[in-house]
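Taken from TrEMBL, the feature Zn(2+) binding site applies to C420, C424, C447, H453, H456, C459, C479, H482. The feature domain 'Recombination activating protein 2 PHD' is assigned by TrEMBL to 415-492.
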Amino acid sequence: MSLEMVSAVSNSSLLQPGFSLLNFDGHVFFFGQKGWPKRSCPTGVFLLDIKQNELKMKPAAFSKDSCYLPPLRYPALCTLRSNAKSDEYQYIIHGGKTPNNDLSDKIYFISLVSKNSKKMTVRCIEKDLGGDVPEARYGHTINVVHSRGKSMSVIFGGRSYTPLAQRTTEKWNSVVDCLPSVFLVDFEFGCCTSYMLPELQDGLSFHVSIARDDTIYILGGHSLQNNSRCPNLYKLKVDLPLGSPAVTCTILPGGISVSSAIVTQISDTEFVLVGGYHSDNQKRLVCNTVVLQDSKIEVVERESPEWTPDIKHCRIWFGCDMGKGSVLLGIPGANKQLISDANYFYILRCKGEEENKEEELTTQICSQTSSEDPGDSTPFEDSEEFCFSAEASTFDIDDTDTYNEDDEEDESETGYWITCCASCNVDINSWVPFYSTELNKPAMILCSSGTGHWVHAQCMDLSETMLLRLSEANVKYFCNKHVDLNKGLQTPPKVVHLKKQPMKPLRKKKTLKLATSTKKSFLRRLFE
């Protein structure tokens, strides 16, 4: 086992707790950033590029038929193949937390549709389910089993918020273990079935699950109810006959007490388990080899790498499987670097360079990195533990499309994330789409007062119908602050009309009488 350091060159602030890794044919994609995506990468999916031990991030595009995918943290993720030996696969993403801490119960399918030196395009499709649909959760696992020529997904464990009926003011946002139910998901027919097994008594989260053929092995995990990390080792076997599926559970000896562990595959039957925690304030520096052979599992201790002093003395660490027997580990570097979000990263290689050239193995691995604070009894503190994933391969891709956080416009002051009014509540870290026309930016409308300024439609209490009407009609709009002033400008001031003095009738009579007398005197003179 070898350990080498890697430096994050660009946009390391997006690498926050709970993001996921998607590996398509050696191309590794980052998903689940902190906060909502910006216009530099509206999909929220990045290609991770490592060259000369430097990590860069490049925005990826979605295909036109893709659905909206929010940046979910701590979801369950695994690969789905048409059969156990198929080379083509796609990723399944279930659950997770949105940037405003809402939990998701949706399932998405992610696949790579095109790739070239300039642009990577992926497709995201949402799958509708019926039956015993698993509740919204995070910190759980999902695997795919193959039996009798059929395939199904298995969802287990995780945490969710306390039910509304049981919440109190002091513990309104507290989390609890999900019930220890096993969910079978048939994606062909879109139905779910739950099973309660007597061997599974306590809920688990941030455990490790390894699937092979029709069997899933569950190791370790943390139970909030008991605040314990019991040496669990369960064997779930799924039989898929023509009729109803059969699920059985067996408790096996030889488990280990660990949570937030990382597992990577080094051969067809061998896996390496590294990292995690023994307890809330004790890291687990021991490594283990997990061997699956002849429907049996064996967990043995193996030689650990020469950990650096920084890794040994740090309070927390984090990481994720990179594939092909490599693991990327990180430790917070806030105390040693000027940038508070900066971290130190290391690549742990569990097999030789020649073995790294082997084909991608098909056995599935699904592990969760929790954010339990080793120095605090309160679990799930987002600021305390991180999860990072990357691919150590050198990608032959042009650097011109590299995402650079320094090039990102400061949207906290300009653009869509301004404070449009005194009552504005639109925040880049907590905003969620309000109108059906919104995707990753809030809808805005121009106020025509003065030189004009932009305001959020949601802050102006505009209905979606009114917003569409204003966007289609060629009319001026005035925000709530200037609408009264505009009315005052549009209403003409009252004009005081001057009263016209009528002509005096006496003056008219005198003129008439004078004309009559003059005429009579003229006629008299004429006839004389």
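Numbering starts at 1 and runs along the chain as displayed.
Placement of Cβ uses the backbone N, Cα and C atoms for every residue, glycine included.
Projection of TrEMBL feature records onto the structure.
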residue: C420; record: Zn(2+) binding site; CB count, 10 Å: 23
residue: C424; record: Zn(2+) binding site; CB count, 10 Å: 15
residue: C447; record: Zn(2+) binding site; CB count, 10 Å: 22
residue: H453; record: Zn(2+) binding site; CB count, 10 Å: 15
residue: H456; record: Zn(2+) binding site; CB count, 10 Å: 23
residue: C459; record: Zn(2+) binding site; CB count, 10 Å: 19
residue: C479; record: Zn(2+) binding site; CB count, 10 Å: 20
residue: H482; record: Zn(2+) binding site; CB count, 10 Å: 17
I'd like the per-state residue tally for the domain 'Recombination activating protein 2 PHD' (415-492) from DSSP, helix first, then strand, then coil.
20 helix, 8 strand, 50 coil
Using the CB centroid of C420, C424, C447, H453, H456, C459, C479, H482 as the Zn(2+) site centre, which other residues of the same chain sit with their CB within 8 A?
C421, I445, W454, V455, M460, N480, K481
Segment-level pLDDT (mean, integer) for the domain 'Recombination activating protein 2 PHD' (415-492):
78
